[in-house]
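Let me begin by presenting the structure, written as structure tokens, before commenting on it.
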Ligand SMILES: Nc1nc2c(c(=O)[nH]1)N[C@@H](CN(C=O)c1ccc(C(=O)N[C@@H](CCC(=O)O)C(=O)O)cc1)CN2
Ligand SMILES: [Mg+2]
């Protein structure tokens, strides 16, 4: 993989391996809960439309459920499904005692208002952690269901064994599903947090002083390797497909590896952790509903 003489020093933060270990633990717990309570934890997965990448993610979520001893209820809706119909389905699932978790795969088609949809999900079943109730819980230091990608990034950071108190963290990107909840997660553990976004000036100067970088801008190769402070931890949330079909992130991986202390690969870093935390959240929601 990396064959240069001036070879990289960074250790790989292996999300695939951590995800496999965690999924094994989740399966053991789900099996115990199923024997005790007479049913498996249940996750309803809703997808609207034909976006090919979204269908791959949903398929992987359903496979993840099956392997972890979680029952998945699949709802594949056509691209012209009305918002009203989708809201009706969510109400049914909110009231279904066999369903512990509900997720609506994003993005939804343009004629559907995703905010209205996400707010219709019972916060106790919101295993994506996107409902304002769950975001508010995290913001007020009483996390309930936490959003999966930032939660997965925190598990990856824990793997380094580094104390996060007072660390200079720079999050690149301020989206609702990654950047913003990531800032709240890092604040919760006592880190110093900067969030940069499309209006921020001089990204390089922020990156250069960061001890921890969370790259979630959605721009291929935005973060240059030479900007990375020696020894920094780099967590790359970006996923982009190159013309040759291979995947890459928001960070120049090869160059960044020469400076970073730890770095996540793409693929095999944050992605597998996102689905793992969804499974963990479903088990957590089951325990809240049924008991442990
Ligand atoms: N309702 C939600 N919608 C979306 C979420 C989400 O958490 N909830 N996140 C993303 C998509 N996503 C999960 O839904 C997701 C993206 C990527 C991966 C992943 O495992 N990536 C692999 C590479 C996969 C590939 O070959 O394409 C990796 O990085 O190793 C998992 C989940 C937007 N929508
Ligand atoms: Mg360069």
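Any Cβ shown, glycine's included, is placed from N, Cα and C.
Sequence annotations record features per position, and here TrEMBL assigns NADP(+) binding site to 173, 174, 175, 239. Taken from TrEMBL, the feature domain 'Tetrahydrofolate dehydrogenase/cyclohydrolase catalytic' covers 13-128. TrEMBL lists 147-289 with the feature domain 'Tetrahydrofolate dehydrogenase/cyclohydrolase NAD(P)-binding'.
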Worksheet item: Can you tell me the three-state DSSP label for residue 173 (NADP(+) binding site)?
Response: coil
Discussion item. Below 8 Å Cβ to Cβ and six or more residues apart, same chain only. Which residues does that give for residue 173 (NADP(+) binding site)?
Written reply: 179, 195, 196, 197, 215, 216, 217, 218, 237, 250
Item to complete: Kindly report the helix/strand/coil residue split of the domain 'Tetrahydrofolate dehydrogenase/cyclohydrolase catalytic' (13-128) according to DSSP, in that order.
Response: 61 helix, 19 strand, 36 coil
Worksheet item: Over all shown protein chains, what is the count of other CB atoms within 10 A of the CB belonging to residue 239 (NADP(+) binding site)?
Response: 17
Item to complete: Compute the average pLDDT of the predicted model within the domain 'Tetrahydrofolate dehydrogenase/cyclohydrolase NAD(P)-binding' (147-289).
Response: 98
Discussion item. Using DSSP, what is the helix/strand/coil residue split across the domain 'Tetrahydrofolate dehydrogenase/cyclohydrolase NAD(P)-binding' (147-289)?
Written reply: 58 helix, 26 strand, 59 coil
Practice prompt. Return the residues near residue 175 (NADP(+) binding site), defined as same-chain residues 6+ apart in sequence whose C-beta is under 8 angstroms from its C-beta, sorted by sequence, else 'none'.
Written response: 216, 218
